[in-house]
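Asks: Here it is, the structure, as structure tokens.
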Amino acid sequence: MKHIALLGSTGSIGTQTLDIVAEYPERFAVTGMTAHSNMELLAEQIRRFRPQVVAVGSEARRAALAALLAGFDGMPEMFVGEKGCCTVASQAPAEVVVTGIVGCAGLMPTLAAVDAGRDLALANKETLVAGGPVVMPRIRARGVKLLPVDSEHSAIFQCLQGVPEGALKRILLTASGGAFRDWPVEKLAEATTADALKHPNWVMGAKITVDSATLMNKGLEVIEAHWLFGLDYDRIEIVIHPQSIVHSLVELADTSVVAQLGWPDMRLPILYALSWPERLATPWKPLDLARVGTLTFKEPDHERYPNMRLAYQAGRAGGTYPTVLNAANEEAVAQFLQEKVRFLEMSRLLEATLEAHKSAGEPDLDDVCGADRWAREHVRWLVERSPARVLI
């Protein structure tokens, strides 16, 4: 039996992780949960999975959750805020922590889990993008296992099983191309929030769906792959694969290319991260390549996806530039989801913020947190300057 602390239980990764736990009750149990604001769903999850500790976003939400659980005989101990999330990550009786919190909010709980010696099933790419220089040395020092949950990084991890050290030559990260992959580039100026949220293949949360439309999700994954697999940025490439069947590929020293294929279903990488090094049998529909028929690949269009260039630029620059890229993107996407900026303005906000930043050379945690705060404030300042914003 593997015991799990689940950070972000009411989000997309969290609910699918609980689907796995429900499907394999003899293998997995949830001992800790965190959720920011969806107390109704969290209450349902607590009644079903009976965690011992939970954390929520505020004192008011703790009171609301307690009211929803009135009379429940398995009332968990409750904590509040970021400190509460860190408590669940570090003190819930668990062998593995699933980090399903979206954005840089997952950084501190992830560090708390690492410092407590917990293995990580990492679904939060922003943790390594923003905090790679801080997180990875701690992971190595503590000797914890870091198992990727992102479908692309899980695919790479699976492809590398049994590959001798030093044999990895190149990583090819596949991207669906997002909601606007078939739109004329000149029409992107008219793209709405509703348009951006219509992902052609995957069912995901709003933020990552917008990131898919801008290809920022892939840019962040390039930086994450750099930290996970130790390759220079020149050896990590992005390829558009509209069918989302090949989840990523690796090229080895002898030019062999190994790929991992499957239907676009996040439950598979979640299950692999939880069960590794085993592979558990599933009742899920197997991949039928004859039914799929055709798999296509093409280079990404830099004019359509300017965020891709910004991600490589920030990754190569290092320091706190990736932190600023990530934080500025989170704020820009939030502004877009609130319909305060247009689709094409997001990349302009990111570029302007990166240009204004002065990076710390070898950042510590204070540098990372400071750069994160500065970038968010700078994007808000740019948006508030004027309706024209001199970015258009």
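In case you wondered, yes, glycine gets a Cβ from its N, Cα and C as well.
What Swiss-Prot lists as NADPH binding site is Thr10, Gly11, Ser12, Ile13, Asn38, Asn124, Glu126, Gly205, and the listing cites sequence analysis. Look at Swiss-Prot and you will find Lys125, Ser151, Glu152, Ser176, His199, Ser212, Asn217, Lys218, Glu221 tagged as 1-deoxy-D-xylulose 5-phosphate binding site, backed by sequence analysis. If you look up Swiss-Prot, you'll see Asp150, Glu152, Glu221 marked as Mn(2+) binding site, on the strength of sequence analysis.
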Asks: Which number gives the other C-beta atoms within 10 angstroms of the C-beta of Ser12 (NADPH binding site), all protein chains shown included?
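Replies: The Cβ of Ser12 (NADPH binding site) has 20 Cβ neighbours within 10 Å.
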Asks: Measuring Cα to Cα, how many angstrom lie between Glu221 (1-deoxy-D-xylulose 5-phosphate binding site) and Asn38 (NADPH binding site)?
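Replies: Each residue's Cα considered, Glu221 (1-deoxy-D-xylulose 5-phosphate binding site) and Asn38 (NADPH binding site) end up 28 Å apart.
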Asks: Looking only at C-alpha atoms, tell me how far Asn124 (NADPH binding site) is from Asp150 (Mn(2+) binding site), rounded to the nearest Å.
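Replies: On Cα coordinates alone, these residues lie 8 Å apart.
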Asks: Sorry to bug you, but what's the C-alpha spacing from Asp150 (Mn(2+) binding site) to Thr10 (NADPH binding site), rounded to the closest Å?
Replies: 17
Asks: Near Ile13 (NADPH binding site), which of the binding-site residues Lys125, Glu152, His199, Asn217 can be found within 10 Å, Cα to Cα?
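Replies: Near Ile13 (NADPH binding site), where near means Cα within 10 Å, there are no binding-site residues at all.
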Asks: Distance between Ser12 (NADPH binding site) and Asp150 (Mn(2+) binding site) at the Cα atoms, whole Å?
Replies: 12
Asks: Could you say whether, by DSSP, Asn38 (NADPH binding site) belongs to a helix, a strand or a coil region?
Replies: coil
Asks: Using Cβ-Cβ distances, find the residues under 8 Å from Asn38 (NADPH binding site) that belong to the same chain and are at least 6 apart in sequence, listing them in sequence order.
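Replies: For Asn38 (NADPH binding site), the qualifying residues are Thr10.
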Asks: Just name the most isolated of the binding-site residues Thr10, Asn124, Asn217, going by other Cβ atoms within 10 Å of its Cβ.
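Replies: It is Thr10 that, of the binding-site residues Thr10, Asn124, Asn217, has the fewest other Cβ atoms within 10 Å.
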Asks: Measure between the Cα atoms of every pair in Lys125, Ser151, Glu152, Ser176, His199, Ser212, Asn217, Lys218, Glu221, the residues the record assigns to 1-deoxy-D-xylulose 5-phosphate, and report the largest value in Å, rounded to a whole number.
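Replies: Greatest Cα-Cα span of the listed binding residues: 19 Å.
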Asks: Asp150 (Mn(2+) binding site) to Gly11 (NADPH binding site): how many Å between their Cα atoms?
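Replies: Between the Cα atoms of Asp150 (Mn(2+) binding site) and Gly11 (NADPH binding site), the distance comes to 14 Å.
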Asks: Cα distance, Gly205 (NADPH binding site) to His199 (1-deoxy-D-xylulose 5-phosphate binding site), nearest Å?
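Replies: Here the two Cα atoms are 10 Å apart.
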Asks: If you count, for each of the binding-site residues Gly11, Asp150, the other Cβ atoms lying within 10 Å of its Cβ, which residue has the minimum?
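Replies: Candidates: the binding-site residues Gly11, Asp150. Fewest Cβ atoms within 10 Å: Gly11.
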